[in-house]
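See structure below.
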Amino acid sequence: MDQDEEDDDEEPAEESIDFESMVIDVVDRLEESSMSDDGEEENEPLLLEEGGYQQRGLGGGGGGKRYSQLRSRDKLAYGLVFNDILFLPRYSQLRSRDKLAYGLGHVFNDICAALWFSYSLIFLQNVVGLGSFLAGILLFLGQAVDAVSTPISGKIIDESGNRKKWYLTGSILVIISFPLIFMNRSSTLFVQLVYYSSLIILFQMGWALTQISHLSIIPDLSESPRHRAELTALRYTASVFANILVYVIAWLFLHGSNSSSIRMDLIGPQHSLQFRKIALVCSFVGVVASILFYCLLQVRRTSSGGKHSDQTSTTPLTRTIKSTEQNGTTPSLSMFRTSSNTSVYIQMFKCSMLYKVSILYTTSRLFLTISLIYVPIYINEYYSGTDSSIVASVPLASFLASLAASLSLKSFQSCAPSSLWRNNQFLFVLGSLAGLAGCVIILWTPFNADQQVLNVYAAAICFGLGSSVTMVISLCSTANLVGSDTQYGAFIYSTVTFSDKLLNGVAVILIEYLRCESKELCPTYYRQVLSYVNGALSIIGIVILFTLPKRLLASH
């Protein structure tokens, strides 16, 4: 028996472990050693730990060989061990309260983003009167600050580990800066530029902190790809609700404030008060949602100084996706050890999958951003009517379509008759094709009132359907790239979103710079922007999609 115990204490090599035989043998030995004539339990039943055997005392003792009935809880415990080793990993269930709280966490950011992208350019151009190029410069400034703040925020959040603390900090910065952006300052051009630049910088710094801290909580809440996909879908669904709310509020304040002329006067300085009310009401709703998130959500897998308190803290958390061209199979997550955080980041930047996922996310996000910014401007310049509320009702239709797509995506994957329809790769292509259909509709829209309105609504619905599907799948791919490496989750999310934010600003300033001085010189300019730029983004996204391993596109 002594020799057996010595053998049992030796940890076998990982590659030689026969888990099934091991567990069966453990159960048999437990049954023999724990059965006694007088009903008392043996002193040392065997338990499985860390891939080998280990003796553990569970209580009462006695002499001689005695037998008692094997307890049901022991059978259940060993059954769970057997299941844990031989079959799929078990993940704890997410509470409904945590799901609800997490969905509310990014609502304020989404509200601000909807106002920022949909109305900041038209507000600065037509209400404040800065001109298209200066308005584009300010929007680019905001996106550049956001892009620079994103990786810095990711590193700070990863090193401190307290994601909710940084979420609160970012939310406070947004609260004190964003509503003031939509206040029309009647002053000199220099004072206006300083005023809006300062507020935009403060707002974008807070927005980045809030976004990255909220995104990086996903891996902390669950390691299950299915749960992460569910949280991502909830996050996007809440985002769609937030955008819908913004456009409903905008429609309520703009409805009835018709202009007597067409083109650039559809929105003008007379709407300054309406934009101020829109910003204040939307900010109030966002603040309430942020408070509920902060108070209700409990992150069970807490971090401290970049180290997790659970089992993941005992193992290297840095993983990289490496292609296995030798056998042509799906790339896997391979572990590598490092002695410093600097070399960890260097290894991450050498990972090609990081750049591919970044491009996939960027094309999806840029498609959505271009639609948000230029659909209202396109309507403002080309709409033949005089009802200014259409600049809110068309984006509202787009986000209602997004809501329908995001809500039905999970049910569609569950009820789809074929595995092809449940495949995220196929769904991404389907979403991209919907976006391309919207581009074609915009390109062929005639300039007459009846057909124009119908086509613009149809294109907006296609944009909403397509962007919803592609955004959810690209975010799922990012969560799968993080995997169980939650220590560096914020850094990965910030890296993925960096190019998106910077390119958003670059795209806007280039589009505004290339715009003709007079509309008569290029009467279809914004139509071409919505058609060709968005169409190219959809095609690039599809191309990048087919270079990604299936592991990153998993939804279960």
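Glycine is treated like the rest: Cβ placed from N, Cα and C.
Taken from TrEMBL, the feature compositional bias 'Acidic residues' covers 1-18 (among others).
Summarising the annotation, TrEMBL assigns compositional bias 'Acidic residues' to 34-44 (among others).
Under the heading compositional bias 'Low complexity', TrEMBL lists 45-56.
Feature annotation from TrEMBL assigns region 'Disordered' to 1-20 (among others).
Among the features that TrEMBL reports, region 'Disordered' is placed at 30-66 (among others).
Residues annotated as transmembrane segment in TrEMBL: 100-117 (among others).
If you look up TrEMBL, you'll see 123-145 (among others) marked as transmembrane segment. Within the same chain, residues 116, 182, 184-185, 189, 192-193, 196-197, 200-201, 203-205, 264, 267-269, 271-272, 275, 380, 501-502, 504-506, 508-509, 511-513, 515 sit at least 6 positions outside the transmembrane segment (123-145) and bring their C-beta atoms closer than 8 Å to a C-beta of that stretch.
What TrEMBL lists as transmembrane segment is 166-183 (among others).
Taken from TrEMBL, the feature transmembrane segment applies to 189-212 (among others). Outside the transmembrane segment (189-212), and at least 6 residues removed from its termini, the chain residues within Cβ reach (under 8 Å) are 106, 108-109, 112-113, 124, 128, 130, 134, 138, 141-143, 145-146, 149-150, 152-154, 157, 166-167, 169-178, 180-181, 490, 493-494, 497, 501.
Annotation source TrEMBL lists transmembrane segment at 233-254 (among others).
The transmembrane segment annotation in TrEMBL covers 274-297 (among others).
Residues 114, 117-119, 121-122, 266, 390-391, 394-395, 398, 435, 442, 456, 460, 463, 466-467, 470-471, 473-475, 477-478, 495-500, 503-504, 507-508, 511, 526-527, 529-530, 533-534, 537-538, 540-541, 544-545, 548 of the same chain lie 6+ residues outside the transmembrane segment (358-379) yet bring a C-beta within less than 8 angstroms of a C-beta in it. For 358-379 (among others), the entry in TrEMBL reads transmembrane segment.
Annotation comment: TrEMBL describes 391-412 (among others) as transmembrane segment.
For 424-444 (among others), the entry in TrEMBL reads transmembrane segment. Counting same-chain residues at least six beyond the ends of the transmembrane segment (424-444), those with a Cβ under 8 angstroms from any Cβ of the stretch are 367, 378, 405, 409, 413, 455-456, 458-463, 465-470, 473-474, 476-477, 527-528, 530-532, 534-535, 538-539, 541-542, 545-546, 548, 550, 553-555.
Summarising the annotation, TrEMBL assigns transmembrane segment to 456-476 (among others). Proximity of distant same-chain residues to the transmembrane segment (456-476), defined by a Cβ-Cβ separation under 8 Å and at least 6 residues beyond the stretch ends, is recorded for 225, 228-229, 232-233, 235-236, 240, 357, 360-361, 363-365, 367-368, 371, 375, 378-379, 383, 394-395, 397-406, 409, 424, 427-428, 430-439, 441-442, 445, 530, 534, 538, 541, 553-555.
Under the heading transmembrane segment, TrEMBL lists 531-548 (among others). Residues of the same chain lying 6 or more positions beyond the ends of the transmembrane segment (531-548) and with a Cβ under 8 Å from any Cβ of it are 353, 356-357, 359-360, 363-364, 366-367, 370-371, 425, 428-429, 432-433, 435-436, 438-440, 442-443, 463, 466, 470, 477, 507, 511.
Listed by sequence, the residues of this chain that lie at least six past the ends of the transmembrane segment (391-412) yet keep a Cβ under 8 A from its Cβ atoms are 118, 122, 229-230, 233, 236-237, 240-241, 243-244, 247-248, 250-251, 254-255, 266-267, 371-372, 375-376, 379-380, 421, 427, 431, 456-457, 460-465, 467-469, 472.
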